[in-house]
């Protein structure tokens, strides 16, 4: 059953209280699906009715504006088991209330600040490879996540030796998301590092903006949080700056470590990719202005509120406990008139900024 309760942030949360929570053995982020591009008429009930075809749903929510109580055009589905997400993703495309929606595995809250956490890509970077990691061993392992179309083990042109990393390309973005969510991977008994591989041109999009200015929001052009001043935490428009060195200490272009992809706020990444306009067809959207939630032109109808490049700035979505994972579900927005975020960034729309700024007036929601 769906219990629709209005909480302080104006969201309608549906939770199946009849499901035995002690039967859940996986972390919530492994069972949670982000749904973008929702029609403004879609309710918790409609969302659940569609996705329960692929498994038991323990939580469902269509995110709403805390003031207007209107849909923001996206929501979350939490299943009782991660395999149900696999089945739902195999059944794409999904159409709800006459509109094709874009489901994507939700990013864990601890990974929100990663510059490429919400990117939609089909190529996977695999680092820390050893000499015994050949193409076949890589294929044998990663083919369980999806259909592989190409494997490229990078070789030093001068010495002919392996440089310690490779790229695995799938025919879909979902296998990449699933691999990255799992985090720890062993090939031939040895741990390897996995990350989303972003094209170089993605580093250049988004323009100025930055994170400065009142309320911790964009200082330059509102709506441009990515590109040069925000996502490129390691400098430059280059994949190969900073992080762990997988290239035999060569430096320069051999660095493929933490945050080494730069990222920025643009380029088809984020939740939705491309130039999808989330919510601009809703009757209350006229004149609301920008509000980038995903980079690459993905507009989430937030009246000029910049949601920070393509980082997962919805805070990973509302959390509900299952088994030993997040048993205490905190209200995403707690407190009085200011709706100041509480509970360790539970459900915040703004990454590091603990909430989002209402059109630059320094009032926090």
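Numbering starts at 1 and runs along the chain as displayed.
Backbone N, Cα and C define each Cβ position, glycine as well.
Note that the structure is a prediction, hence the values are computed from the model and not measured.
Pulled from Swiss-Prot, these are the features on record:
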COMPBIAS  1-13  compositional bias 'Low complexity'
COMPBIAS  205-240  compositional bias 'Gly residues'
COMPBIAS  241-259  compositional bias 'Low complexity'
COMPBIAS  277-286  compositional bias 'Low complexity'
COMPBIAS  287-298  compositional bias 'Gly residues'
COMPBIAS  299-313  compositional bias 'Low complexity'
COMPBIAS  314-324  compositional bias 'Gly residues'
COMPBIAS  334-353  compositional bias 'Gly residues'
COMPBIAS  354-365  compositional bias 'Low complexity'
DOMAIN    31-107  domain 'RRM 1'
DOMAIN    122-199  domain 'RRM 2'
REGION    1-24  region 'Disordered'
REGION    191-261  region 'Disordered'
REGION    276-365  region 'Disordered'
Q) What is the pLDDT of the domain 'RRM 2' (122-199) when averaged and given as a whole number? A) 96
Q. Could you give the number of helix, strand and coil residues in the domain 'RRM 1' (31-107) as assigned by DSSP?
A. 20 helix, 32 strand, 25 coil
(Q) Give me the DSSP three-state residue breakdown of the domain 'RRM 2' (122-199), ordered helix, strand, coil. (A) 17 helix, 32 strand, 29 coil
